[in-house]
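Since the structure comes first, as structure tokens, the remarks are kept for the end.
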Amino acid sequence: MVAGFQTIPDLAPFPAPWSIGLMLAMAGYTMCGAGMNLIKLSHIKRGTAGGSTTLRSTPFNRRSSAAHATVLWCCGYGVNSLGGILNTAGLRFAAQSLIAPLSSMALVVNAVFATFVLGERLGLRDVLPMSLIAVGNIVAVASANHAEQRGLTLREISQLFRRASFQVYLITVLVLASLLMLLRGRIRRRIRKSGGDELANPTLVAYAGLCHAAAAAMLSVNTVFLSKASLLALTDGLHNALKPQFLALILTWLSLVCFWIYTLNRLLASHDILFIVPAIEVLWSLCSMIGGGIFFDEYASMNMARRITFAAGVVINLSGVFILSRRGEKGGKLG
């Protein structure tokens, strides 16, 4: 901008675009955490919930009619979906590797909701892993890509799909997901030989849930970069909505969404919410950071120090999940 003969430098936009994406994602993950707890509550009210058999009685977790439980189930998925929409909107302003680690918001909501509404018991074993997960998220966010996102043409998006690094990523995901499901099958057979989930080692049941959640997250998390790619294509022009490439993006996204809804319902019905929600959020976050970072080449602008810090945040996250998976063993209780 020029005033007289003096050139005044342009001011950076306030708030920064990435901070808008950050705020949208924080709200989105909060709603996702609440939505998953409502889904779990619907299974408790219907009497089909697995996991802990020592729930405290609360004004909210009493058995109710199937119709009431179904309404609650639909509300849970509605809130969860609205949270997903806010997360997608946040991706318009910020890098996927920045948005993904914010699952700590869902963990805070989950801990409060599960303890006071569902009646699950928050144990001393839960405090350390949840703290590790929160710290890992903060470290990952601080070191992630903060670059502003621009619109992409469908041609540019097609080129991203054809990149060798992304092709290797897809093949790796398919192989790992298949191996995890095979491992889950072996663990489930051991559980059945032990007399079922109620009689088997709780840690063994948790490992089966982790394998299931990890395999499903590896596949379903691709909805994140597909929705972001679709949004960036529309930013380039609404005329793109009628093109075959865009319709292919939407159909693939819809198929993966349906698969995730089915899997999420099974996971929430079968496991303690204080275990499975942190596991889902961290696995989803990790897969989203890796997949989005590779697809959009978000790590190219990060120097070595930031990459190491980012990796450290991811390792801290995973350490928290591993410790949390052993919550079924004897430990102190807070409530």
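Glycine is no exception: its Cβ is also placed from the backbone N, Cα and C atoms.
Given the structure is predicted, the values throughout are model-derived calculations rather than measurements.
Noted in TrEMBL for the protein shown:
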type: TRANSMEM; residues: 20-39; note: transmembrane segment
type: TRANSMEM; residues: 66-86; note: transmembrane segment
type: TRANSMEM; residues: 98-118; note: transmembrane segment
type: TRANSMEM; residues: 127-144; note: transmembrane segment
type: TRANSMEM; residues: 164-183; note: transmembrane segment
type: TRANSMEM; residues: 204-226; note: transmembrane segment
type: TRANSMEM; residues: 246-264; note: transmembrane segment
type: TRANSMEM; residues: 273-296; note: transmembrane segment
type: TRANSMEM; residues: 308-325; note: transmembrane segment
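Each of 66-86, 127-144, 204-226, 246-264, 273-296 was scored by its Cβ pairs under 8 Å to the transmembrane segment (164-183), and the highest score goes to 204-226.
Under the criterion of 3 or more C-beta pairs below 8 Å, with sequence separation of 6 or more, the transmembrane segment (127-144) and the transmembrane segment (273-296) qualify as touching.
Here the transmembrane segment (20-39) sits apart from the transmembrane segment (204-226); fewer than 3 CB pairs are under 8 Å, leaving out pairs fewer than 6 apart in sequence.
Comparison of 66-86, 204-226, 246-264, 273-296 by number of C-beta pairs under 8 angstroms to the transmembrane segment (308-325) places 273-296 first. Segment contact is absent for the transmembrane segment (204-226) and the transmembrane segment (66-86), given fewer than three CB pairs below 8 angstroms at sequence separation of 6 or more.
Tertiary proximity for the transmembrane segment (246-264) is limited to same-chain residues at least six positions away from its ends with a CB under 8 Å from its CB atoms, namely 36, 39, 77, 154, 157, 212, 216, 219-220, 222-223, 226-227, 229-230, 233, 240, 280.
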